[in-house]
Each structure stands twice: as structure tokens, then as C-alpha cells.
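Before any comments, here is the structure.
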Amino acid sequence: MLALLSDFTIQNVIIGAMLLGLISGVLGSFAVLRKQSLLGDTLSHAALPGICLGFLIAGSRNLGAILAGALVTGALAALFMVLLTRTTRLKTDAGLGIALSLFFALGIVFLTHIQATGGAAQGGLESFLFGQAAAILRSDLWVMGTITAIALALVALFWKEFKLVTFDPVFAATLGLPVLALDIALTLMIALAVVVGLQMVGVVLMAAMVVAPAVAARQWSNRLDVMVALAAIFGMVSGLFGALVSATARGLSTGPLIILAASAIVIVSLLFAPGRGLVWSGLKRLEDKRALRGRRVLTTLYRLAAEHKDPAYPAEQAMVDAYYGLETRPVLNRLHQRGLIAQVCHMPEQTPHWVLTDQGIAEAEALLGHRDDTP
Amino acid sequence: MIQSFFNDPGLMIMTTGALVGIAASLVGTFLVLRGTSMLSDAISHSIVFGIIIVWLITRQTAGPVQIIGAALTGVLTVFLTEALASTKRVKTDAAIGLVFPVLFSIGVLLINLYARDVHIDEHTVLLGEIGFVWLDTITLLGYRLPEAVLWMSVITAVNLGFVLLFYKELKLATFDPALATALGLAPGLVFYGLLILTSATAVAAFDSVGAILFIAFVIVPPSAAYLLTDRLSLMLAIGAAISIGAAISGYWLAVHFNVSISAMMALMTGAALIAAFLAGPRYGLVAQMVRRRSLHRANACRTLTVHLYNHEGETAREAENAAAALRDHLRWSETRARQVLIDSLDRGLITRDGAVLTLTEKGRALAREVLEPQV
């Protein structure tokens, strides 16, 4: 383990993956809350032509130029999408899909052009397509770290504004906040997060990196600050996990492992998060169902007793079963455990019979909200 | 004669591209109209998972088993997405962004583990190799034709048959799902049928155009057609026509610039979209601007007639109803005033007598209509 951590390449991968988890967790929270989960997908695919253009302009695999290019084409794609959906009758989903596929196609055209003319220098460009964590250099980490620091500083600085625009853009507008500018700023920052992740997980899986940590964090809290912090932690843990596993099991790509780790956190959160967890609400529903069944059987016994004008009327179990059309034994047993009914023998019949106890009568009357005539 | 058609690589590449485009835009039309076009993004990525699973079981990389297996993966994707969204803990778009990266990641890891040396590497899966479709041939009815052309023809025929057979159901399920349900047409079932075909098309197409460019063929031609027409049947036809045009022009441009053929074809569908967006007869940007301008000019004429009408009986008529007065009283610039005068004269709303402007009967009627609208 220690030997692993002291390996230079693995150190780079771990730091890179955690930086990616941090920035995509924080900015993904805003994207998910603003119902723009698939924007990350579009922006990451649209980064490809920018990567190629950055490479063409810089003339080499200069990360700064490549990322700047990715940011520019990502922003152009977002603009193209907004233009299409605002001025025509195409809906958001079509806008996203059009921007995604056309910018990607343009990227492939550039990429094949570079490959046809560039000779050996094009090495490493395809790593942005699928992500190749091991190809990350220490100098790349400085670029990624600077971008992350800038994005986090902006979020901290405009926290109140971003929060308001996310939850109530109309109110934000009436307060005189520049809603459009803030919208654009948030979109650009998601493009920044995408740019950081490209080398790590590639354009395809970046979509999940924006969505997964944020969705997981959303399950644990209703507060934005807690959610953003948790998303950052979940993102970093997924990054760490993916980097470590791919380092120990040679041959497994880092990107998919990070995504699977983040998705596992999502599943655990969906199932077990306090309050919203599906397991808890499922258990609650089961309990409610049992309680309801118990109340219905108890009041049925009470009504039978009332009808027969005999508080100690022994009701036959098979009769109750027939009345409900199902096995009532577990329900009766639970009522028995609570001391509300008692089992009696009603000779000469051999079948089990049940009578209400005094406590059972009181409970049934409380449930019915009234006293029936005799018992 | 026919054999020489099948022997021409260029013709075969264009035919494959056109068939992919037609098959994809047939199903894509309904996805775009329903506002669920991003499902094609999810499906096309996650079939990577289906393709590798089927390969591991059957060792087949093409053919009907592969198509059916991956089609089921597509349906699985949609099913998982809907299941996740139905928990109400995750929005639909976030659910899409969670499900397909997981399946894609598992697919990539399985390729890493078991299929390193096979031709299904992630690059072909994502980018396709339409340039080599003519290499894998199959003999049918005495003719040697490329396998891709055969499979794409089958898929295109199936899609066309489905759309023709269920045209009414698809139309109703798309535009009025509530009515479709009320009439007992099971819109959900029709929709799933559509998604199965989308997945099958994606698998058949992925060898030639790859998973991501396939999205362009699904979404872009129908979107372009949607900007050109209001009729569903015309939209399907225009989508197919755009696909054919894009396949032909894309091929020649790609050969000319020595870049990826499939990407160029996808880009050409984008060119059609932009042309429709700018120059569409009804929803195009230019048409919208022209319409707005002519409305603007008609309004200026109405303003002029009202102004003249108001001052008709007054002593100041000579001063008010003069060409020179328009600049001061209506605050029109010299050029604008002249333009409106010419327009109004052309429309027979006013006559000009020296400097004085007089309303014609028609102009007076127009002014009265503005001032005393007959409800």
C-alpha cells in the first residue's frame, strides 16, 4: 500500500482523480439542482473540437492551450443549444443532442485531420476521448489544481447569488440580480469541471462525474451547503477508489472505475440515506400496512362482538380469514402479542377462536371513535 | 451491372451512410417530437455493454444475435432510467446521466479484461469505421455485397415497416398520449417498440458510424425537418432526404479533406439543420425577421393614418398633416418618415397634394378600425 502511494505516476493519478471529484462534485450539485444534468454530457463531447484546435494552435500537446480550446468550444456549444431552443420550437433535449453530436462530429473531423497531417506529434490526443489517467503529468496537475481553485473561489464568492439563481430565478431577477450572467457563469464553470476531467475519465464518462456525486449528496441533506460539501467528498472518494483499484489491478481503466465507485455511492445513498432512503421508506410502508391490517382485524372482531351482543364472542379464525380472503394468522398473532385479543377454545369445535380482551375493546373503541351498543 | 455497384467502395460507403441516416431518422422523428431524444444518447452508449456481453457468450461481433442482444440492452437502459426516476428521488435527466455511464463503464472494463485483442475496441465502438464497410462482404442471391449494407437494409426495412404499420398509433401516442390511452392504443407499448428499434438500429450502425455519431443521425435530420414542416409524413420524408444528401456530400468532402467519413456525414446533417434554422420558410430565422419587419412597417402605416385621421377636421390640419410634421410629431427620422410615406402611398392609404397629406377612403377606414375596433 505504502509502496503504491510512493509511486510517482500513481500519486499523480490519485491527486488528479481527487481534484476531478472535488470540482465536479461541487459544480455538479448546481447542475443537478438546476435540472441540467445532461449539460455536462453535451459540454464534454463539445470539448473535443476545442482540444484539437488548441493542439493545432499551440502546435504541441500543451495542456493549457488544449483546455482553453475545450472551454471555448464547450461554451460555444452551450450557446448554440440556447440559441436553438430559444429561437425555434426545438425542445431542450433536442438542443442538447444536436449540440453534442455535431460538435463531436466536428471534433472527429479535426482529429482525423491532425492524424492525417500531424505525424508523431498527435500522440496523446485520443487520451482525451477515453481518458488515460496514467498519462497525466505533474505539470498537468498544476493546471487542473489552478482551475479547481478558481472554480471553488468563485462558488464561495458568489455563494448567495448562485443559491438564489438555482432555487428561485424569478425572485433573483426581482432583486435585480443579473440572472442571465449568473446562468452563464454557472454553465461556464461546469464546462471548467468537464475540462478538468477530460484527461482523467474521457468525454463519455464525464457526464456521470457531474451527475453522480451530486445525486448521492442530495439524498443526505436538504441544505445546499451540506449537499455541496458531501458531493465534493463523494467525488473525491470515488476518485481515490478508482485510482487505487486501477493501480493495483493492471489493465483496468481508471475512468470507468471512478464512475462505478461514484455510482455505487449513489445506490447506497438512494437506499440508506436517512429520511429519503428507499429502504427506510419501504420499511415504513410495510409497518404502516401491518398497523392498518391490525386495526382492521381488531375492529372487525369488535363489530362481530357488538353484532352478537356478547363482549366475549369467540370469532373463528377461519371466518376472519374468509372475510379478508387471506391468511390473517400473522395479524392475529401480532394483536395477541400486544395483549389486545386472546385465543380461546370453543368446544366442540377444534379450530382456533379469538376473543377481545378488555384492552382490545378499549383500543377498538378508540379507533372507531365511538361505542357500539352492547359490549 | 448490379455487381459492379456493390464493388464500388465509394458507392457502398455512401449507401451505408444513407441507410444509417434513413433508419435513424425514421425512429428519431418520434423521439424528437416526444422530447426524449437524449434517450438515443443513453442507448447508443450503453449498447457497448450489450455488444461485449453477447460477444463473451457467443463470440459473434455482428449479425442478428448481436443486434437482438444489444437491442435488449437499450431497453434495459430505458427501463433502469424510468425505474430510477419513478423513485422520485432522481429527476429523469439525472437518471439518464447515471444509468448509461454505468453500463458503458462495465462494458469498457469487460473489454479491458476479456477482449483486449478483438476488434471490438472502444475506438471502433465510438467512432466507427465506415471507410472499411466494403471489406466485409457476404454473398446473397449470387451477389457479393458488404455485410453492413445488408444489415442496414434489413434494419431500414424493419423501421419503415414499423412506422407504416403503426403510423396512426405512433402519431397519436406522440401528440396525444392521453387520448391514445383512452382509445386503448397502449402508447407505452408503442414507445417501447420504438426504443427497441432505436437500439437495434444503433447496434447495426455502430460498426460503420460509431455510437456518438449515431446520435447525430437520430436527432439532427428530424430536428431540421421539424423546422421546415408541420406535417408528420413530410417530416419523415424530409428527414430521410436530408440523411441521403448528408451521406453523399459528407463522403465527397471527407475524401477531399482526408478526414473521417462518418464524422463528415454527421456534420453535413448539421449543415442541413443550420440551413433550415436560418432559411426555413416559416420557422427560419430570416423568415421570422422578415415577418417582424413587415409587421413593423404595417404598424407604422396604421400610426400614420391614425395621426392624419385625428387632425382631419382641425384648423391646424395644414401644419399637422404635412410630410414635414411627421418628424416632429411622430418622432420619426427623415428616412423612416419617407419610407412610411412611400409605403402608405403604395398601399393606397393616403394621397399627397403638395406638402399636405390626405387620407383616402381606404386609409380612413383603417384608422377607424384602429380607433373603434368592432368587437
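Every residue, even glycine, has its Cβ placed from backbone N, Cα and C.
Look at TrEMBL and you will find B:12-32 (among others) tagged as transmembrane segment.
Residues or ranges marked as transmembrane segment in TrEMBL: B:39-58 (among others).
Among residues of the same chain six or more beyond the transmembrane segment (B:64-84), those with a C-beta under 8 A of the stretch's C-beta atoms are 39, 42-43, 46-47, 49-51, 53-55, 58, 90, 92, 95-96, 98-100, 103, 151, 155, 192, 195-200, 202-204. The transmembrane segment annotation in TrEMBL covers B:64-84 (among others).
Look at TrEMBL and you will find B:96-115 (among others) tagged as transmembrane segment.
Panel annotation: around the transmembrane segment (B:148-167), residues 6, 12, 15-16, 19-20, 22-23, 26-27, 62-63, 67, 133, 136, 138, 140, 190, 193-194, 197, 200-201, 204-205, 207-208, 236 of the same chain, lying at least six beyond its termini, place a Cβ under 8 Å from a Cβ of the stretch. Under the heading transmembrane segment, TrEMBL lists B:148-167 (among others).
Here TrEMBL flags B:179-203 (among others) as transmembrane segment. With a threshold of 8 Å between CB atoms, the same-chain residues lying at least 6 positions outside the transmembrane segment (B:179-203) that come near it are 20, 23-24, 27-28, 30-31, 34, 39-40, 43-44, 47, 50-51, 66-68, 70-75, 78, 155, 158-159, 162, 166, 169-170, 172-173, 211, 214, 218.
Summarising the annotation, TrEMBL assigns transmembrane segment to B:209-228 (among others).
Long-range contacts of the transmembrane segment (B:235-255) within the same chain: residues 10, 13-18, 20-22, 24-26, 28-29, 163, 217, 221-222, 224-226, 228-229, 261-269, 271-272, each at least 6 residues beyond the stretch ends and with a Cβ under 8 Å from a Cβ of the stretch. Per TrEMBL, transmembrane segment is recorded for B:235-255 (among others).
Counting only same-chain residues 6+ beyond the ends of the transmembrane segment (B:261-285), those with a CB under 8 A from a CB of the stretch are 13, 17, 21, 127-128, 130-131, 208-210, 213, 216-217, 220-221, 223-225, 227-228, 242-243, 245-247, 249-251, 253-255. Annotation source TrEMBL lists transmembrane segment at B:261-285 (among others).
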Original post:
Which bits of the chain, at least 6 residues beyond where the transmembrane segment (B:39-58) starts or stops, bring a Cβ under 8 A of a Cβ in it?
Top reply: 28, 31, 65-66, 69-74, 76-78, 81, 96, 99-101, 103-104, 106-108, 110-111, 114-115, 118, 120, 122, 125, 195, 198-199, 202-203, 206, 211-212, 214-215, 218-219
